[in-house]
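Trainee: Take this structure first; my questions come after.
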Amino acid sequence: MDNRPIGLLDSGVGGFTVVKKVIEKLPHESTVFIGDSANMPYGDKSREQIIELTRRSVKFLLQKKVKLIIFACNTATAVAMPTLQNEVEQQIIGVIQSGSLAAARTTKNKKVAVAATPVTINSHAYQKEIKFRDPDIKVMEVAAPELAPLIESQKDYDTNLAAVKRSIAPLKDQDFDTFVLGCTHYPLIQNEFVEALGDKIQIVDPADQVAQYTFNVMRRDGLFSSFDQAGKHEYYTTGDPDKFSEMGRRFLGQADLTSHQVDTRNL
């Protein structure tokens, strides 16, 4: 048994999509989530910048004495996870491996499309992971640099829908049956993706598989909490705590959710 909290990090509010699934799967566990909204988007930054920014969030979570860390950010998973896993004792769980497994299991015609930030796409992390599971699957990748910042700014449905349609335009006439939301921000506007793609396309949200994998790791390593009541949840951001809290309340349905602003630059 281990009563320490689970740590989660993201470049911004997208991590709430993973927090939600983790809370649903592990209701007795406590969590600490930090979103680095002051420095988002990560998707247009250099490898060195992404590693350093992610390292700051990891250090913050370690100060909170977490028992494992979930990189609830595809860009951080693709770029920083290999380096930072060697720097900490706690296991780090990424979203790309889980999302790739779900995509490989879902596709029937062995054609999968992935939308993500430019850095994630340029790393070809999803392509490598999906093909590792099934070399016969064709993976089509599209960079969507405008979506994560747009979601952070909390625009209306029509604005989001237009942006989604622009972003997936390069996939027109491609015969894929499965679409991966390759950025944890994207499930926040999943309805817009459903309308833009049509109801025949299966949409994969890696957060579902991340929560299941986290459960499996904790069972294997004896990390479950001994508490039988609902866990406690803390939320932090390097950006605007009011905007961060608003998105959290809306997506998690926690009417009393509050977040705290932190400065991770001097950790």
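Using the three backbone atoms N, Cα and C, a Cβ is placed for every residue, glycine included.
As listed in Swiss-Prot for this protein:
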- ASP10, SER11, TYR42, GLY43, ASN74, THR75, THR184, HIS185: substrate binding site (BINDING)
- CYS73: active site, proton donor/acceptor (ACT_SITE)
- CYS183: active site, proton donor/acceptor (ACT_SITE)
Trainee: Taking DSSP as the reference, which of helix, strand or coil describes ASN74 (substrate binding site)?
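Mentor: Going by the DSSP assignment, ASN74 (substrate binding site) falls within a helical segment, counted as helix.
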Trainee: Using all protein chains in view, find how many other C-beta atoms are within 10 Å of the C-beta of CYS183 (active site, proton donor/acceptor).
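Mentor: Cβ-Cβ neighbours of CYS183 (active site, proton donor/acceptor) within 10 Å number 30.
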Trainee: Using CYS183 (active site, proton donor/acceptor) as the reference point, find which of the binding-site residues GLY43, ASN74, THR75 has the shortest Cα-to-Cα distance to it.
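Mentor: Nearest in space to CYS183 (active site, proton donor/acceptor), counting only the binding-site residues, is ASN74.
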Trainee: In sequence order, which residues at least six apart in the same chain have a CB under 8 Å from the CB of THR184 (substrate binding site)?
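Mentor: Same-chain residues close to THR184 (substrate binding site) (Cβ under 8 Å, separated by 6 or more) are ASP10, GLY14, GLY15, THR17, VAL18, ALA72, CYS73, ASN74, VAL95, PRO206, ALA207.
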Trainee: Excluding ASP10, SER11, TYR42, GLY43, ASN74, THR75, THR184, HIS185, which residues of the same chain place their Cβ within 8 Å of the centroid of the Cβ atoms of the recorded substrate site?
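Mentor: So the extra residues in range turn out to be GLY12, GLY14, MET40, PRO41, CYS73, ALA76, THR117, THR120, ALA148, CYS183.
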Trainee: What same-chain residues, at least 6 away in sequence, bring their CB to under 8 Å of the CB of TYR42 (substrate binding site)?
Mentor: SER11, ASP36, GLN49, ILE50, LEU53, CYS73, THR75, ALA76, THR117, VAL119
Trainee: Provide the number of Cβ atoms within 10 Å of the Cβ of CYS73 (active site, proton donor/acceptor), excluding the reference atom itself.
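Mentor: Summing over all protein chains shown, CYS73 (active site, proton donor/acceptor) has 36 other Cβ atoms within 10 Å.
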Trainee: What is the Cβ neighbour count of THR75 (substrate binding site) at a 10 Å cut-off, with all protein chains included?
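Mentor: There are 34 of them.
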Trainee: Around GLY43 (substrate binding site), how many other C-beta atoms are within 10 angstroms of its C-beta?
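Mentor: Total other Cβ atoms inside 10 Å, all chains included: 28.
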Trainee: Count the other Cβ atoms sitting within 10 Å of the Cβ of ASP10 (substrate binding site), across every protein chain shown.
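Mentor: A 10 Å sphere around the Cβ of ASP10 (substrate binding site) contains 33 other Cβ atoms.
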